[in-house]
Amino acid sequence: MLKEAVEGQVTVVCNAIAASVQFQVEPVGRWFEAFLKRRDRNVSASFQELEEEEELSEESEDEELQLEEYPMLKTLDPKDWKNQDHYAVLGLAHMRYKATQKQIKAAHKAMVLKHHPDKRKAAGEQIVEGDNDYFTCITKAIEILSDPVKRRAFDSVDPTFDNAVPSKSEGKENFFEVFAPVFERNSRWTSKKHIPKLGTMDSSFEEVDNFYSFWYNFDSWREFSYLDEEEKEKAECRDERRWIEKQNRASRAQRKKEEMNRIRTLVDTAYSCDPRIKKFKEEEKARKESEKKAKVEAKRREQEEKERAKQAELEAARLAKEKEEEEAKQAALQAKKEKEIQKKAIKKERQKLRTTCKNWNYFADSEAECVKMMEEVEKLCDRLELVSLQSLNEVLASGTKEESKAAVEKQVQEVNAQLQREKEAEVQARQASRSAEQASSGSGGGSKGWNEEELQLLIKAVNLFPAGTNARWEVIANYMNLHSTSGIKRNAKDVINKAKNLQKLDPHQKDEINKKAFEKFKKEHAAVPTTVDNAVPSERFDASGAEANAASWTTEEQKLLEQALKTFPVSTPERWEKIASVVPGRTKKDCMKRYKELVEMVKAKKAAQEQVAAKSKK
């Protein structure tokens, strides 16, 4: 061990110090055991001190335990022990379920010392024999309260416990003052250790939510076996015991259900009256409104951004279009300028060619040759391009008369050959078109040609049987075969081909066919027989109105006639006069004749359709 250094002296180490060595030491002994016990108990005092302190505290509790004398104790009926208050019997009415087992035993000891029959008998008090003495109630009380299971059963039906649930009107006025003690006394039934408090108006949302979550999921240990009406120990046989157990289970379940409904009603009432819930809902509503407004604002900004982008895009497209139009305009002006330049150059070259040929007297000796060559030169001016004209003028300017004449004649021959080829090609194309037209008309018209009457019938049938008619082309063919006087039978294929050919005709040709048909109709209906039919006087007409009937009916007039026929039935007096008054520009005779034509057309259409239906059935 080093000596302590004296003040003023210097300590000097003369030799090297040995290196430190680590050793593993295992603690043992009663002091280490005491340390472990203190650590496990999370205390700093020794185990012996704690034991001594605990003994002292128990002694102090015994000294401090004060019993309340139950005034009704001596009047209790021992046979009605189930309805007695066991805590009050032992003098623990002020402590009840909070009393410890030690305090219960101490209270029982004190009650025995005071009320035991031997003690009272020694004091000269009269004693009731058997179990009819009130001391039996003390015995039953200690029997119930000393057993944890029986004590829990009794605590569950504690007669002093208030099961009342505050109303909404009471809770809305003083919520915390009304509901705090109710939840406090009902919290004794929970199986969990940590019980959240009701809190105050300043409690956070998490605290309030935790509180109501706890009570909405309340796990109660309260059970009602103490209230069983039948005791299975009194059963005489096994079946009776089972029946008693069944009855007791049913009554317990019913009471448990009622208890849980009571707790749920309490929580629901508190939740509906809680001002914090209303505050949280308003805050949540305000938050949602703000989020909604923010969302709408963001959407509006996004829409405005899209609109700006769209406007920018449209503006860019407009500028691009204007630029493109400007470029196209400039290109068109440039092309026009170039065309004008080329036109002037061609005009100059043509004039130069004419002047040169004129100077050479058109390379002719006679007047006739001169005129002929002049025509050829004009033909060259019309047919040759600028480059060809420039080349020809260069040859004429640099060559002799003979060379110039040869060059001009060569160019004339080439132009004439080109014109001849173009003419031959045009003739061939015209011939091919004519032959194709003849072939199509020959293949589409059947084995024999179509006369004017058949063409008119075809046009009439096509208008009479519009698109959508069942077996339309067969019906049209049958209609033509029924009304044609040529005796040639046409099938649906012939009718289709001819209708297609008519569609390809020139409009002037169609007008010509319609004109011929109208002339034929006018010729056939030029005169009306003077004989009078058997119609009623209001339906007679003479030949003077035949010319007026020749005019065709318009679509509007046809609609008015059909509507008038429906409006004025056959039984209407002076029917045709009224119908004619409805159709402007038409007389009674015109309406009657048009009606007969419509009837004939409908009959013909029905006959053709019936003929097609009969053929299809065969």
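Just so it is clear, glycine is given a Cβ too, placed from its N, Cα and C backbone atoms.
It should be emphasised that the depicted structure is a prediction, and the values quoted were computed from it without experimental measurement.
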Pick from 43-70, 183-210, 239-266, 323-350: which stretch is listed in TrEMBL under coiled coil?
43-70
How does the domain 'SANT' (553-603) divide up by DSSP, counting helix, then strand, then coil residues?
37 helix, 0 strand, 14 coil
Predicted model, mean pLDDT over the coiled coil (43-70):
57
